[in-house]
Amino acid sequence: MGGKLPANHHALLSEGKEDETEIFGYKTHGFRRAACVAGYILSCGVLLLVFYWKPAWDVWANCVPCDLEEADVVLLRATDEFQRYTRKKVIWIDLLKLLGAEKPSRIFGTDKDCVISKAIMKPQMRVRYIQVQKIRYVWNISAKQFQRIGSLEDRNTCYEIHRKFGDGLTAQERDFQRLVCGPNTIEVEIRPVWKLLFKEILNPFYVFQTFTLTLWLAQGYTEYSIAIIILSVISIGLTVYDLRQQSIKLHNLVVEHNNVQVTAWIKHEGGRQMASSSLVPGDVILLEGQKHSLPCDALLLEGSCVINEGMLTGESVPVTKTPLPHTENTLPWKTHSVEDYRRHVLFCGTEVIQTKRSSKGPPRAVVLQTGFNTAKGDLVRSILYPKPLNFKIYRDAFKFILGLAMIGVLGLVYAACVYASNKQPVSDTVAMALLLLTVPVPPAIPAALTTGIVYAQRRLKKRRIFCISPQRINICGQLNLVCFDKTGTLTEDGLDLWGTIPCQGGSFQNVHSFSSGSPLPWGPLCVAMATCHSLLVLEGKIQGDPLDLKMFEGTGWEMEEASAEPSKTSTADSCTVIKPGPAASQASVEGIAILRQFPFSSSLQRMSVIVQELGKGSYDLYMKGAPEMVASFCTAETVPRNFVKELKVYTSQGFRVIALAQKALAMGEGADLDGLEREEVESGLTFLGLLVMENRLKSETKPVLEELTGARIRSVMVTGDNLQTAVTVAKNSGMISRSSRVILVEASEPEGSIPASISWQLVEDMHQHSGERKDLGVSIEDTAVPREFHFALNGKSYQVLLKHFSGLVPKVLLNGTVFARMSPGQKSSLVEEFQKLDYYVGMCGDGANDCGALKMAHAGISLSEQEASVASPFTSQTANIQCVPELIREGRASLVASFAVFKYLTLYGLIQFVGTSLVFWQIQIMGNYQYLIQDVCITLVVCLTMSLTQAYPKLAPYRPPGQLLSPPLLLSVVLNVCFTLIVQVCAFLLVRQQPWYSVVRSHRGCPLANQPLFPGLRNGTANSTAQHHRVLSYEDATLWPLVTINCLIVAFVFSKGKPFRRPIYTNYLFCIMLALQLGVTLFLFFADIEVIYRGMELLCTPMIWRVYLLVMLLALFAVSFFVEDAVLQNRRLWMLIKAVFRFRSSSQYRAWQRKLAQDVSWPPVNGREFAEPSKGEAYINPAYEDTDEK
C-alpha cells in the first residue's frame, strides 16, 4: 500500500449521524488475488481463517487502493472507539432492460434533482450501490459520494411535497424506484443452523481449543479430551439454539409487516390494491377500512388519522395525526414544522385505529421511508447491530489469555530444550513441547466465563427482569449513576384531580376541591376541561391520554361520536360531541362539538381546540398546556399578578399544574377551519385558571433511592415535566436530601448583540407553620457557598449550556440532579455526556420517550413491555424501580464470580504447568487419569458450581473492581503461583533426598520410611533392564496430590462471599462438591490399595512422607487464605496504600471533583455569566442536534 493514495480514496458514510462510518475504496488486483489463493492452499486454509477474523487484511492483501468512483470493493471502518472493519462488495444495477429507449429525464420529470437521478451512469444506464447494515447507499456521480436512499429527501418544502407527490407516481416511476431502492420489507432471515454453527466454531478460542484437543488425543489423553469435546458441543449447541431462537423471534416480530395489502394511488390510473412490499418513496397510499398496521413511514397529506404509537413510545395512547399544511415557503418541511413535524408522520409498525375523511375523500399519505429506513426498521437494526460493549473485563481477559499463551511459549521452548538435551526422538520432542504449550491456557475458559452471567440471568428471570444482552449484566455491577424518568417510573402512572383555581377579572378565585364531592361549577373553565383534549370514543369506550381522561372525567360530561358536519363548517374532522352527564353541574348548553384540534406537542407544550356550541354559529378556541406557555398567549390583564407565586405554591409541593385559556373567534358561520394554522388563532386569549393534579410517588421509590444513596450510586431525574414539580418530587423521594441546597441553572440563547447568558439562583425551602403551604422562593444570600448542593435545569437551559458554555458542562453534570422539560433527544444526549465523564450510566424509564436513552445507557431498564422496549437491554415486568438495585446486585455478584472463575482457571493452568514442567525435567508426564481427576472431576465441577453463590442482599457502598489487570488481582495470581512454585519445587527436590527414594520402572510395594525398597539401588534404578516408564516415579507420586489439592485450595480461597455475594457456605452444591473432591483425593492418596495405584499410575510412598505433604498443603492453604483475605481483599489496606502513594483515580468525573474541591468560587450563587464570543458554538453535541427519537 505504499505510495500516494488517490484523492477520493476515503470518505465518510452518513456523516454526522449515529451510524457514521469511514469508507475506503479498493479495486481487486489479479496478481494479488492469485497469490492469496495460493496462500490459502499452501496454508491449508489458515490464511483464509486469518482473513475471516481480519477483513481489513483480506482487502489489503487482495486489492489496491483506488478512487471510490472506481472501487469494486469498499472497506468500512466504524468511527467509534472500536474502529471495527467490514468488507463490502460494490453492486451494479443494469437499468437498460427497464428503461429501454426511455430517457431518465422523462421518468424523473417531477424531481430531476433527486439522488437516484444523479446516480445513473450514462450512457451505460447503470447504478452502483453498497448495502451496509440493511441500508442501501447509491453512488452520486455529481457529488462523488455514496448516499443513502429509501427515503423522500428532506429538502422538499410542504408545497413541493403536495405538488410533486400529491397525485402519486406513474407505474414506470414506481418500477424504477423499486429496482433501485429495493423492496419495502424488513427482512430478518432465520439464520440457518450451519451458518450459526460455523460462526461459533470459527471463534479464535475454539480454533485454539481444537488444536489443543487434537494434540491431546494424539497423546492418548482421550478421556479428558472427550469430556471437553462434549462440554464444548453442549456449550456451542446451547449458544446456537439461543441465537436461532432470537432470530426466529425477531423474524416473527416483523414477518407480518411484509404481508400487508394496501391501496396505492397510481398517477393517471387511480387506486390499485397491491402488496406493501412493492411500495416506494413517493407513492401515495389511501388509508381506509379496519384497523391495520402501517407498512412504511408516511406523511399525511389529506384527512386525519388516529394512531396507536405504542410500538414507538411504549404507551398505548391514541395519537391524532394532522395533514401537512399547503404552506408556500422555502423552508424544508421538517424545518417548517420545527420539532413538531412528527404530528404529520405515520410511523411504520404503528396501528391505524381510526381515519377521518377530508372534503377530497379518504385520508391520503405519501410514502416517506421504506424498509429498514423506517422507524420500525431502525428499531430492528438496533437489535441486529447493537452498539458494541466497551467493558474492560473483556479486553483485559484477552490480554490475560495472551499472557498465558506467552507462558505456554516459554514452556514449549523449555520442553524442547529438555527433550533435545536428553536425545529424545524428534517426534516425542515436538509432541511434548506442543503439549506444554497448551497447558497454561485452560480450554474451559469460554464456557466458564459465561457461567456467572447465565446464573445471574436465571435469577433475574425469577424476579421478572428479562435480558436480551446478557453481557451487560456484568456491566451493571459497575453502575455508579442511574437516570430515572419521573412519571410512571418514580411516580404513579395515573394522576388524581386535586382541584381547580378559577381566574376572573385578572385574579384567582377560591379553590374548587374535587375531594369535596361537589360537581365542577359550569363556566368557561369547565368547558375548557371538557373539550380541550385528544380523547376518542373507540369501540364504545373513551380512550386517550390518562391526563386528558382524568380531566374529562372530573367535569362529569359525556362524549359521543357524531357524523361529519356539513361542508359549510368543518369536514376535516368528524365531530366529537360532548354533552353534560348526570353527574355534571347544570349547564346552559345542550352540547358542544369539537370541530378542529391542534394536537399537543412536547416542544410546543400546549394543545388547542376549536369548538362550537350546538345550535349556534360562533366558534371558540380553548387551550391547555404548561402554565408558563399558556400565560404567554394570554392578554396581560387577564393573567393574575401573583401568577408565578401561586404556581410555585403548588409545583413546590409536587403537584402537576396545567393552565387553561379561552378565546372567542371572530369568524362567521361556515368558515373554513381546515386551512387555519394554529399560529393564526393562538393569541390574545383569556386566562381561565389552573388545574391542579396530584402525582403520587410509588411506594417503592423512596426506599430504593435511599438504598442507592447508601451504596454511593448517584440518582438523577430526567423528565419532561415542570422543573419546580420535578425538584419537589426529587426532595420528597429522597433524591435530594432536605439539608441540601438546590441551585436553579437558567441559560438563555443570545439575543441580538447580547451574548448567551447563564444565571445561578439558590432555591431555599421556607418551612412555615405545620399545615401551611410551602412556598418555593429565591433567597438572595451572600453567605458561604452551600457544601451539599444540587443543580436543577430544564431542557432549554441544557441546550444553551451545550452550545455556548461547553466548559461548564462537566461542572454542572457533576452535581446536576434534576433535568426537567427534556425532549427524547436531550435525554439521550445527557446520558452520553455522563458517559464522557466516565460514569457507568443506567437508565430506567417506562418506555415513553425514553427509548433513545435506554439504548444509549450502559444498562437501559424499561418498565414497559411494549414493542418499543425491545431495544432496551433489560425489561422489568414489575413496573417500579425495585428492579434497579436487584439488577445492580446481580451485576456485582456476576462480575465478582467472573473474576473468581477467571482467577481460578488461571491458577489451575499455572499450577498444572509447574507440576508438568517438573516431571518433564526427567522426561516423564503425569498419567491420563491423574490429569482426568484434576481437569474433569475438580476443575469442570468447580467452574460450574462456583458461580452459584447468590448476590448479597445489601448493596455495599463501593463497587467491585472492574479490571482484570488490577494490582490486587495480578498480585493474587503472582503470589499464589509463587507459593505453588515454592511448594512443588521443594517437594520435588526433597523427595529425591529421602532414604527410600529410587528410580523405578514398574509398580512395587510401599518402601519403608528409612530405607529403599531395593537395597543397594539407592543411586541406581530398580529393574534397570525394564523400559523407562513415562509416568511412574516418586516425583510424580509427590507432585500429583500437591497439584490436585492446590486446585481445591485456590477454588475455596477465591470463592469470596461478602460484600458482593452471600457467604460461601450458602452455596450448598459448591461446598458439598468441594468436600467430596477433597475426600476422594485424600482417599486416593492414603488408601494404599494397589488396584487404585495401578489404575492411577501412582507409586506408593511411606505414610510419613504423605503426612509431610499434607502438612505442606495445610501451610499452603493457611498462607494463601491469609494473603488473599487479609491483604489482597483488605479494602482499608489498599485505601491506605493509595493515600500513601497519592494514587488518584483517572476517571474524568473524579478529576473534576478534585479540581472543583479546590475552587472556592464554585458553585456560583445568585450570579450571571455571559458567553465569550470566542467560545460561542464551541461545542455542539450531535446527539442533541438530532433530537428525533430513533
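Any Cβ shown, glycine's included, is placed from N, Cα and C.
Automated prediction, rather than curation, is the source of TrEMBL annotations.
Taken from TrEMBL, the feature domain 'P5B-type ATPase N-terminal' applies to 18-140. Sequence annotations record features per position, and here TrEMBL assigns transmembrane segment to 31-53, 201-218, 224-243, 400-421, 433-456, 901-923, 929-948, 969-991, 1037-1055, 1067-1087, 1107-1128. Sequence annotations record features per position, and here TrEMBL assigns domain 'Cation-transporting P-type ATPase N-terminal' to 160-211. TrEMBL lists 267-383 with the feature domain 'P-type ATPase A'.
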**Prompt:** Can you find at least 3 Cβ pairs under 8 Å between the transmembrane segment (929-948) and the transmembrane segment (969-991), where each pair is 6 or more residues apart in sequence?
**Reply:** no
**Asked** Does the transmembrane segment (224-243) reach the transmembrane segment (1067-1087) with at least 3 CB pairs under 8 A, where each pair is 6 or more residues apart?
**Response** no
**Complete:** Sequence-distant residues near the transmembrane segment (433-456) by C-beta distance (under 8 Å, 6 or more away from its ends) are 203, 205-206, 208-209, 211-213, 215-216, 219, 228, 231-232, 235, 397, 401, 404-405, 407-409, 411-416, 419, 470-471, 473-474, 890-891, 893-895, 897-898, 901-902, 905, 908-910, 912-913, 916-917, 920, 925, 939-940, 943-944, 946-948, 951
**Message:** Check the transmembrane segment (969-991) against the transmembrane segment (1107-1128) for contact, please; criterion is three or more CB pairs under 8 Å, pairs 6 or more apart in sequence.
**Reply:** yes
**Considering the transmembrane segment (400-421), which listed stretch of 31-53, 901-923, 1037-1055, 1067-1087, 1107-1128 counts the most C-beta pairs under 8 Å** = 901-923
**Prompt:** Of the listed stretches (31-53, 901-923, 1037-1055, 1107-1128), which one yields the highest count of Cβ-Cβ distances below 8 Å with the transmembrane segment (1067-1087)?
**Reply:** 1037-1055
**Message:** Checking distant contacts: for the transmembrane segment (1037-1055), what same-chain residues at least six beyond its ends satisfy Cβ-Cβ under 8 A?
**Reply:** 900, 903-904, 907-908, 911-912, 914-915, 918-919, 926, 930, 933-934, 938-939, 942, 946, 949, 972, 976, 980, 983-984, 987-988, 991, 1064, 1067, 1070, 1074, 1077-1078, 1081-1082, 1085, 1098-1101, 1105-1106, 1109, 1112-1113, 1116-1117, 1120-1121, 1124-1125
**Message:** Within the same chain, where does the transmembrane segment (31-53) have neighbours whose Cβ lies under 8 angstroms from its own Cβ atoms, ignoring anything closer than 6 residues to its ends? I mean 6 or more beyond.
**Reply:** 61-64, 202, 204, 207
**Intrachain neighbours beyond the transmembrane segment (901-923), with Cβ under 8 angstroms and 6 or more residues off its ends** = 397, 400, 404, 407-408, 411, 414-415, 418-419, 422, 424, 432, 436, 439-442, 444-445, 448-449, 451-452, 931, 934, 939, 942-943, 946-947, 964, 969, 972-973, 976-977, 980-981, 984-985, 988, 1028, 1033, 1035-1036, 1039-1040, 1042-1043, 1046-1047, 1050-1051, 1054
**Asked** Which whole number is the mean pLDDT over the domain 'Cation-transporting P-type ATPase N-terminal' (160-211)?
**Response** 84
**Request:** By DSSP assignment, list the helix, strand and coil residue numbers for the domain 'P5B-type ATPase N-terminal' (18-140), in that order.
**Result:** 41 helix, 40 strand, 42 coil
